[in-house]
């Protein structure tokens, strides 16, 4: 755990959240500032700053995280959902702990970036 990482603290239940899913390695919770009717964050409990820090040693683990993203997405958003992962400040990553946004609950537009 990174001492100052808010997502590590949420996964360790030092900061309260609305839990959607949890196992020994993965934690999913509702975003406190949702941008869609359903907005869930899925994180590994292990601190990994971003996809750019994935190594051969943890590539299979990230596959497991993405599998859980798909299971949670199908359950929570049966009509469809979007998965977003921001990498780096220019992309909008504000928390340096890898996380996947599941967005759904309405028809989502695809606008210009």
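Cβ coordinates come from backbone N, Cα and C, glycine included.
Residues 5, 8, 47 are given by Swiss-Prot as Zn(2+) binders; from 97, 99, that same site also lists 97. AMP binds 86, 92, 94, 99, 101 as Swiss-Prot records it, and from the list 24, 31 the residue named for this site is 31. The maximal spread of the AMP binding site, taken as the longest Cα to Cα distance among 31, 86, 92, 94, 99, 101, is 15 Å. Between the CA atoms of residue 5 (Zn(2+) binding site) and residue 99 (AMP binding site) there is a gap of 12 Å, rounded to the nearest whole number.
DSSP assigns residue 101 (AMP binding site) to a strand in the three-state reduction.
Other C-beta atoms found within 10 angstroms of the C-beta of residue 47 (Zn(2+) binding site) number 17, with every protein chain shown included.
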